[in-house]
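Below: the structure, in structure tokens.
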Amino acid sequence: MVAMNAIANSDSAYFPSAGSLSSHAAEKVQSRAVGPDVLRSLAILLVMLVHLPVEATPSLLVGVRNYAWVGVDVFFVLSGFLIGTQLFKEVSRKGGVDLKSFYLRRAFRIFPAFFVVLGLYAIFPILRDAPTMQSVWSFATFTVNFNFDPRVGRAFTQAWSLCVEEHFYLVLPLLVLLLHRRISMGWTLLVAAAMLIAGMILRYTIWEGQVGVLVDADKLRDAFAVYLRDVYYPTYTRLDGLMFGVILAAARFFKPELCKRYAPPRVALPVGMALVAAAIVLFSVRGPLAGTNLFLVFQAQLGSMAGFPLISIGIALILGAMLDLEPVLRRWPIPGAAVIATLSYSLYLTHKSAFHVDRLIFGEQSLQGGIGFLVYLVTSIVVAAALWFCVERTFLRVRDRVLSASK
């Protein structure tokens, strides 16, 4: 599921504090920011949990699993913030955006590992986490999230969020370039607000006209599939997290003094957590879906319309607070967070296949509860580490050489 999002940006997790983010700031921060790494590692662990069958989930984590799909929204906010910050800094410094360099960086970061995994899925069906799969062409062109019907193919479904991010990567630099003479906090808010309102209206209308009809007819499985296909997966309905990430980047870049005054950590952190909690409560309001055993990712009309922007605002505020709390977080690091964050993209690509292979080797009955969950974690990390060392790191080094030579 989750946005491969900011997961694919973990090699560039350098975030100045709100006070230093301005159009005159040109110095690089020389160490990885702890806050984004903590959120990124949490997000990938949530994604891994939500893709674990409920019968294989430790009892203590079943309640968390019900809402673990929000990990993708964490990735979207992280990605929007990172890419927005990079573009705002570049346009302020150079008066424009080097599109060639930007797209090359993204291509070297995302394509190699993705196409290796896609190739393995295509050539070796035994590795697929489900018997059926959408067309390889739709994955290769990053269009699989449009008309993605899980009734037709369910293998490698997590690629939908990478498609959303790819479309975002394509459009945002062009939008910044188009508006670069007017780029400001006000313009950012105007464009983002238009896109967010359009997304809310779209989700409401699609739910009302396509999903609700099936729910009323008690065709709940079909309704769930249509919800995923037409509400949950498409790019045009899932821009909330990315846009709030960009808004956070704009606020910290163009108005750092306002961020320090009105959104210090002591305000942003509790308010952000309260908004996330409110979104979870909203997601729990099942409406016509009450009493069904359908997974909570299938949201009722209210949750699908307003829940995504609400949780995205909360995550953005939490991220902003964690960026400002960097000195504190450095003194109290979470063991393993940086490693999981570094491997998050490879984990995202391979975790479903890793668990499928675990089942083939050990048998489903051996993977129940805590022991099975531990096996799942260990094998997923081992597979992801192999992909990172063999593919990701190699092509990141190639990328650096190519970009250095072109300067």
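Glycine is treated like the rest: Cβ placed from N, Cα and C.
Feature annotations, reproduced from TrEMBL:
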type	residues	note
DOMAIN	35-388	domain 'Acyltransferase 3'
TRANSMEM	38-54	transmembrane segment
TRANSMEM	66-88	transmembrane segment
TRANSMEM	108-127	transmembrane segment
TRANSMEM	159-179	transmembrane segment
TRANSMEM	186-206	transmembrane segment
TRANSMEM	236-255	transmembrane segment
TRANSMEM	267-285	transmembrane segment
TRANSMEM	305-325	transmembrane segment
TRANSMEM	332-351	transmembrane segment
TRANSMEM	371-391	transmembrane segment
Most Cβ pairs under 8 Å with the transmembrane segment (371-391), selected from 38-54, 66-88, 159-179: 38-54
Proximity verdict for the transmembrane segment (66-88) and the transmembrane segment (305-325), three or more C-beta pairs under 8 Å: yes
In contact by Cβ distance (the transmembrane segment (236-255), the transmembrane segment (267-285); 3 or more pairs under 8 Å): no
Leading contact stretch, 38-54, 108-127, 159-179, 186-206 vs the transmembrane segment (332-351) - CB distance under 8 Å: 38-54
